[in-house]
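Listed in Swiss-Prot:
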type     : residues       : note
SIGNAL   : 1-18           : signal peptide
BINDING  : His19, Tyr176  : Cu(2+) binding site
DISULFID : Cys60-Cys179   : disulfide bond
CARBOHYD : Asn69          : N-linked glycosylation site
CARBOHYD : Asn143         : N-linked glycosylation site
BINDING  : His165, Gln174 : O2 binding site
Amino acid sequence: MKSGLLFTTASLALTASAHYVFPALVQDGAATGDWKYVRDWTGSYGNGPVEDVTSLDIRCNKDASTNGNATETLPVKAGEEIGFTVRTNIGHPGPLLAYMAKAPGDASDFDGDGQVWFKIYEDGPTVTDDGLTWPSDGATNVNFTIPSSLPDGDYLLRVEHIALHGAGTEGGAQFYLSCGQVSVTGGGNGDPAPLVAFPGAYDPTDPGILINIYWPVPTNYTPPGPKVWSG
């Protein structure tokens, strides 16, 4: 009995230690303060994932869609590289994605509701006969480029990593995500598309969400959601 309890405790600790969160924006290679420009969410201290793609939590995480007034907005330039820190590191296999949504006014007043989100980044695995290798595996920060033709204004910047280690059963994928607030200048007249809503962009049975990544080894993988708008 004792050895079984020790095994269970160790397994739970290992699972928890693999969880992660995106607490801060990165600009010019330097991390900003945790939850200064990124909306904090209920339970963020536990680094836990969202598992229901039909819930409001899939937008900016738990209770984060409506707490923008507690968050500052970071000035950025179109074409600039912006990132997020990872606490402590990306500990599960899966794709990394980034979305933006234009606020009608101040980002702090914007809840991100409706078909307003467009994808600016995604990565995928290297596929071999031996399995899938993910470029974000173990990352302690992640970076994306703000599209150069993006119109000026305030935006929500949503980072998301989808952990697929348990995705062989419906509801087994884990979504680690945060939303930052940025104000873009120096942009252009681009028309970001396609636009999607969160919740709504994903279905629990999408092939990029419901998938066994271990056996049989997939021959290809496409992340869920719309195509990337590069501007």
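Any Cβ shown, glycine's included, is placed from N, Cα and C.
These numbers come from a predicted model, not from an experiment.
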Original post:
Which of the binding-site residues His19, Gln174, Tyr176 has its Cα closest in space to the Cα of Cys60 (disulfide bond)?
Top reply: Tyr176
**OP:** Could you tell me which three-state DSSP class His165 (O2 binding site) falls into?
**Re:** coil
Subject >> Distance, Cys179 (disulfide bond) to His165 (O2 binding site) (CA atoms, angstrom) >> reply: 24
Original post:
Which three-state DSSP class does His19 (Cu(2+) binding site) fall into?
Top reply: coil
Original post:
Relative to the Cα of Gln174 (O2 binding site), which of the recorded positions His19, Asn69, Asn143 has the closest Cα?
Top reply: His19
Subject >> Cβ-based isolation winner (fewest other Cβ atoms within 10 Å) among the glycosylation sites Asn69, Asn143 >> reply: Asn69
Original post:
If you run the three-state DSSP split on Asn143 (N-linked glycosylation site), which class comes out?
Top reply: strand
Original post:
When you measure from the Cβ of Cys179 (disulfide bond), which residues in the chain that are at least 6 apart have a Cβ under 8 Å away?
Top reply: Val38, Arg39, Arg59, Cys60, Asn61, Ala64, Ser65, Gly112, Leu156, Leu157, Arg158, Val159
Subject >> Nearest-integer angstrom distance between the alpha carbons (Cα) of Tyr176 (Cu(2+) binding site) and Asn143 (N-linked glycosylation site) >> reply: 16
Original post:
What count of other C-beta atoms do you get within 10 angstroms of the C-beta of Tyr176 (Cu(2+) binding site), across all chains shown?
Top reply: 24
Original post:
How many whole Å apart are the CA atoms of Asn69 (N-linked glycosylation site) and His19 (Cu(2+) binding site)?
Top reply: 27
Original post:
Any idea what the Cα distance is from Asn143 (N-linked glycosylation site) over to His19 (Cu(2+) binding site), rounded to a whole Å?
Top reply: 19
Subject >> Proximal but sequence-remote residues of the same chain as His19 (Cu(2+) binding site) (Cβ under 8 Å, at least 6 apart) >> reply: Gly46, Asn47, Gly48, Pro49, Gly91, Tyr176
**OP:** Look at the recorded positions Cys60, His165, Gln174 and tell me which residue has the greatest number of other C-beta atoms within 10 angstroms of its C-beta.
**Re:** Cys60
